Amino acid sequence: MGIREFPGGASRGKSIAIGMRRSPDVSPRRLSDISPQLRQLKYLVVDEAIKEDLKWSRSVEDLTSGPVGLTSIEERILRITGYYGYQPWAASYKREERPRDSPGPAEAQAPAAGAEAGGRGSRRCWRCSQAQLKKIFWGVAVVLCVCSSWAGSTQLAKLTFRKFDAPFTLTWFATNWNFLFFPLYYAGHVCKSAEKQSVKQRYRECCRFFGDNGLTLKVFFTKAAPFGVLWTLTNYLYLHAIKKINTTDVSVLFCCNKAFVFLLSWIVLRDRFMGVRIVAAILAIAGIVMMTYADGFHSHSVIGIALVVGSASMSALYKVLFKLLLGSAKFGEAALFLSILGVFNILFITCIPVILYFTKVEYWSSFDDIPWGNLCGFSVLLLTFNIVLNFGIAVTYPTLMSLGIVLSVPVNAVVDHYTSKIVFNGVRVIAIIIIGLGFLLLLLPEEWDVWLIKLLTRLKVRKKEETAEGSADPGSGPQSKSRRARPSFAR
């Protein structure tokens, strides 16, 4: 492709534009051809005269003979120096002679393309916002479900102990319902999955979670049995603490398990150190001490608080060991694992309630006196809580699910206010607030500081841009309107 030169001093840019309009196959090869535009790079707002030159030099858009894409540094500079309609990647372009006296069609084409792109962008944003709104809607539903099931199971357990004083038997009875996890998961798999598998096929696929050999007897006793013991201890200590202290204190103290998970993960799993989580752990410990002080260090309150802290510690140990020994599990694998815990409870834990009954540690006169409705209701609520907590991540964010546990504290406080003699003195209220604040700090993601810095930087940049735009507008005349209609060079 040859180079065409045009003599002339001040009219050089005009001659280049006319020559290129006559021969669309000719492209500028020298940076001197666009030197007026290059000298304007240091300005944020393009002057009106330069805008006219750029407007008339859009004839380089007709470059279609070369390969698709930006083929030279000159063409890139042409694009960034004001050729808003320059699209060398287009497969075809209408070559029309645009007379200098009527630049309207050339200007109308860019807004039309912008409108089309804006329409696509708006539809994409609408789809994204619609998906986010759907996820947030499901998140609210999950939060309400977690809060109601956890608070309801706690209150129902408190009500059950008035007639049936057997916390370990209640724990054993409720854990047996874990056997339903895998059948419920398989029912959901049959309803939603496109490729349906038989129960045996799905079971074998989920058994790969335990290794290449699947679920063997050795794996059962080394990888499932310890977690069955931790599961039983967590629930038993929690239920036994409900007998000693009110449900509000039990629910708020159990929130400390999040801080214990962080400390154990930091020590055992060598997780990332985060100062904000250390602060949250300190707040949790301070809340435990203040909660003990709120009741005057009575024996029953101290024992109850110790039981809840032990339950939170067992829960944290369960989670950390699961991540250390088994890693992360998919939905089917988690459902199978929880069902195995139910099988372990039936086979090996059943003897303990029998022993407690005959030794009259947990004794009831007859089976007719057992409140079966309360026992079944507690088991169903606890099963619902565990199902939503384990599988709710499929429809919403994990942080929203954790908020349900915190929201159960005010629910239990309201119920205790009308059904028991709890005294909400200043120390207890401060302890509840401190533990809740520590729990919320632990929900912050690992990159929260980076996100915060990015947000602050973005706000500063936007404020500077608004200030610059405000100072750049001299008035409300026609010239200021035309400047506002076109984007500035910085954008």
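Yeah, the Cβs are placed from backbone N, Cα and C, and that goes for glycine too.
What TrEMBL says about this one:
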REGION    1-31  region 'Disordered'
COMPBIAS  22-31  compositional bias 'Basic and acidic residues'
REGION    95-121  region 'Disordered'
COMPBIAS  103-115  compositional bias 'Low complexity'
TRANSMEM  136-157  transmembrane segment
DOMAIN    138-292  domain 'EamA'
TRANSMEM  177-194  transmembrane segment
TRANSMEM  215-238  transmembrane segment
TRANSMEM  250-269  transmembrane segment
TRANSMEM  276-294  transmembrane segment
TRANSMEM  300-322  transmembrane segment
TRANSMEM  334-358  transmembrane segment
TRANSMEM  395-415  transmembrane segment
TRANSMEM  427-444  transmembrane segment
REGION    463-491  region 'Disordered'
COMPBIAS  481-491  compositional bias 'Basic residues'
Rank 276-294, 300-322, 334-358 by Cβ pairs under 8 Å to the transmembrane segment (250-269) and hand me the top one.
300-322
Intrachain residues whose Cβ lies under 8 Å of the transmembrane segment (334-358), provided they are six or more past its termini:
166, 168-169, 172, 175-185, 203, 206-207, 209, 215, 220, 224-225, 227-228, 231-232, 326, 364, 386, 390-391
If you average pLDDT over the domain 'EamA' (138-292), what do you get?
89
